[in-house]
Amino acid sequence: MHFLSPAKLNLFLQILGRREDDFHEIVTRYQAIAFGDQLSLSISSRDSLQVINACHLETPSNSIWKSVALFRRYTGITTPVSWRVVKQIPVGAGLAGGSSNAATALFALNQIFKTGLSDEEMRSLAEQLGVDTPFFFSTGAALGVARGEKIIALEESVSDRYVLYFSSEGVLTSRAFAAVQPSDCSSRKNLEYTQNDLEKPVFRLRLDLKEKKHWLENLWAELPVHIGLTGSGATLFVRYPEILEEDLSYAAQIQRAVTLSGGLLTSPIRRDPTAWYSIYSESALAAT
């Protein structure tokens, strides 16, 4: 069985302050995108995991094995399984690669063993696997509140396009939040639905990302786009309405900017509640 394990973007992320448990209260807009890893699952005589493009992730601490352990505890099924992952999502990129793998693995196990777990059950289990893991059991568009793990599904479609810019070095989420200062946080009465409050602390830690954003702002200056950081980084992204591509002049400028910058062009992706994210998305599997 084969499954797309999609990346996600934070279209905005607001930090509302520090909680009593020392975590930060946030509100964020999650969006699944048509780019990600490919997971293959089969029943086997022994447990195994192969990760193409990232063999250093073939460890017992991989998020996939955490899903397997949780599934086994919950269902009592202990049949060995074999995983093959074609890794495209960079580690520490702010794209939730590990969380997406965990969610996709949980869904895949439910499918292959026909255990009939509902989305609600899997979403509840996913809360034990990571803050943004439950999001992937939405339709692909949702608000995340509390620490980001409480999901409010959004039904409206987004007609956007995104250009992704990866970094050779990731950013640890814990390090990014540890660098947050009170002045970085948003007012509950004045939320901006395009900004990421983690940008300032991350840019203090990573001057190269700040400079890269300025370079992108200059490159895309003639186009009506938004440029931001997703999650705690290190991925930057350009966002623009898809309708721009219907204008030949804009389309040519977009193509030129994407080519000159070496970005990866992708789109939103939605999930049917009765299935998983489509593995047949051309842009999602272009690199596999």
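In case you wondered, yes, glycine gets a Cβ from its N, Cα and C as well.
These figures come from a predicted structure and were not determined experimentally.
Per Swiss-Prot, the features are as follows:
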- Lys8: active site (ACT_SITE)
- Asp132: active site (ACT_SITE)
- Pro90, Val91, Gly92, Ala93, Gly94, Leu95, Ala96, Gly97, Gly98, Ser99, Ser100: ATP binding site (BINDING)
Show which residues of the chain containing Ser100 (ATP binding site), separated from it by at least 6 in sequence, have their CB under 8 Å from its CB.
Ser5, Pro6, Ala7, Lys8, Gly36, Asp37, Ile89, Thr133, Phe136
What is the total of other Cβ atoms whose distance to the Cβ of Lys8 (active site) is within 10 Å?
28
Can you tell me the CA-to-CA distance separating Gly98 (ATP binding site) and Asp132 (active site), as a whole number of Å?
10
Check the Cα-Cα distances from Asp132 (active site) to the binding-site residues Pro90, Gly92, Gly94, Ala96 and tell me which is shortest.
Ala96
Which listed residue (Gly92, Gly98) has most other Cβ within 10 Å, given these are binding-site residues:
Gly98
Quick one: give me the count of other CB atoms within 10 A of the CB of Pro90 (ATP binding site).
20
